[in-house]
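The structure appears right after this line, and notes come after that.
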Amino acid sequence: MQIVVGCMPALTLKTDCLMLGVWQDRTDTPLLKELDTALHGALGQSVDSKAFVGKEGETLLFQTGAGLPAARVLLIGLGAYAQADCGAMRRGAAEGARVLQQQRVKRAGLALSEAPAGLPLTQAVQVLVEGLLLASYRFDRFLTQKREDLPPLLETLDILIADQGSLEGVAAAVERARHIGHGVALARDLVNQPGNVKSPEFLAERARQLAGECGLSCTVLEQEQLEREGFGALLAVAQGSARPPRLIVLEYRGGAPDEKPLALVGKGVVFDSGGISLKPGEKMDEMKMDMAGAAAVFGAMSAAAGLRLPVNLVAIVPAVENLPSASAYRPGDIITSLSGRTIEVLNTDAEGRLILADALTYAGRFEPRAVIDLATLTGACIIALGHEASAVFSNRDELARNLIRAGETSRERLWQLPLWDSYDKQIKSEIADMKNTGGRPAGTITAAAFLQRFVPDCPWAHIDIAGTAWEAKGTALCPRGGTGVGVRLLIDLLEQE
């Protein structure tokens, strides 16, 4: 999508459709009064009849005839004016994008009926553009024939502002939205790739491409080196698949040369059948999404590089496939991790924590200032929080607070769960240093307790995105498939710094 920022009166734009963001019960602004005159009172009639009052997600479309240069005008409700809500604005823009697609609009304009209260214009524009970009995502690369039922996507968007002095800031906000939207789309694309295409090497090759595109450095450890280094937990999970594992490392250096990096670790199980502890067949097709943590890390690295954030980052992705076979690891096995600690395997479907154990240990070699891991780790997280929030655990309250704040801003919300020492007894083994599952009670917490044993001596947070990484039905902001969760969260966190 091409996005152009300009300073001109909104109602003078010649376009297929002019979108106007309208705040709830604020339908009497000068711009809307001018529009009502051009529409011969049609807007006023709609307001009087309560057909449109500017509530979040409301839309109202007018055919303008000869009254305006724009062929159509679309009003989109943005919710409360006095307490402008970024989530409501993002969803309002997404609903607008849905109407544009239904109308087969290829070029549109976007303006606000008035500047928001308590929110910078630049932030408002960024959020609206994010909503349009997220709503315009489509995964159609495997369609071999043109689908007439799929409407065209918006090709050109004109952002209209009234104040010439805001032009530079708004243009920068649009660029921020573009880089973030691209990062989310990258993450969604990776999650949506089918398992027959998405091997560990596929992820490694995509990381190499990303490094070339974004000016990152990339290192890929292949099986022989993983064996030589002693990645016993990662290799155990991978041994059931004919497709060998990879450990992928991406580095971004935007901060001072002597600044310690923030390590981002993303679970990269490209397909998870459960291994010998086989999952039920129903919805197993969705387990191509078990690398959504890796996808989020890739997307965040892309966005951070595009935004030229002044930080140093290292991304670590253990990439494996978990399948049953004659060579697969078994319940009852005892494996030795990269840390040297031994793990009794009780369930081969608790594989994510095993590969993360080695990845977290490896992260310590970079002497990070903090580590954040993201993983579709436990079904128990969905039972606890549903699909509205991800679970967060941390060994530092300040890091947890910063992440929760970023979750509110990005609307990729987090809920902190406890990590008390008393949970450790559930993963205590009598024949090894620990076991890989603590049973059904507090399953999300005991998985985090397991990971904590492998964390370097630094601030750490674990984010369980099992309930938020996949959209089962489709919404205005996201079609069915991968959500790209984590990208906006991480960028908001980094921008806080």
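Each residue, glycine too, has its Cβ placed from N, Cα and C.
With a cut-off of 8 Å between CB atoms and residues at least 6 apart in sequence, the same chain places Asp272, Ser273, Met287, Asp349 near Lys279 (active site), listed in sequence order. The active site annotation in Swiss-Prot covers Lys279 (among others), and the record cites sequence analysis as its basis.
Secondary structure from DSSP puts Arg353 (active site) in a helix. Every protein chain shown contributes to the tally, and the Cβ of Arg353 (active site) ends up with 27 other Cβ atoms within 10 Å. If you look up Swiss-Prot, you'll see Arg353 (among others) marked as active site, on the strength of sequence analysis.
Look at Swiss-Prot and you will find Lys267, Asp272, Asp290, Glu351 tagged as Mn(2+) 2 binding site, backed by sequence analysis. Other Cβ atoms within 10 Å of the Cβ of Asp272 (Mn(2+) 2 binding site) number 26 in total over all chains.
The Mn(2+) 1 binding site feature in Swiss-Prot is assigned to Asp272, Asp349, Glu351; the stated evidence is sequence analysis.
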So if I draw a 10 Å sphere around the Cβ of Lys267 (Mn(2+) 2 binding site), how many other Cβ atoms end up inside it? 30
Counting Cβ atoms within 10 Å of each Cβ, the densest environment among the binding-site residues Asp290, Asp349 belongs to Asp290
Roughly how many Å lie between the Cα atoms of Lys267 (Mn(2+) 2 binding site) and Arg353 (active site), rounded to a whole value? 8
To test your reading of the Mn(2+) 1 site: which residues beyond Asp272, Asp349, Glu351, same chain only, put their Cβ within 8 Å of the Cβ centroid of those residues? Val237, Val269, Ser273, Gly274, Gly275, Ser277, Lys279, Asp290, Asn322, Thr348, Ala350, Gly352
Measuring Cα to Cα, how many Å separate Arg353 (active site) from Asp290 (Mn(2+) 2 binding site)? 12
Name the residues of the same chain, 6+ apart in sequence, whose Cβ is under 8 Å from the Cβ of Glu351 (Mn(2+) 2 binding site)? Val237, Val269, Asp272, Gly275, Val320, Asn322
Simplified to three states, DSSP reports Lys279 (active site) as coil
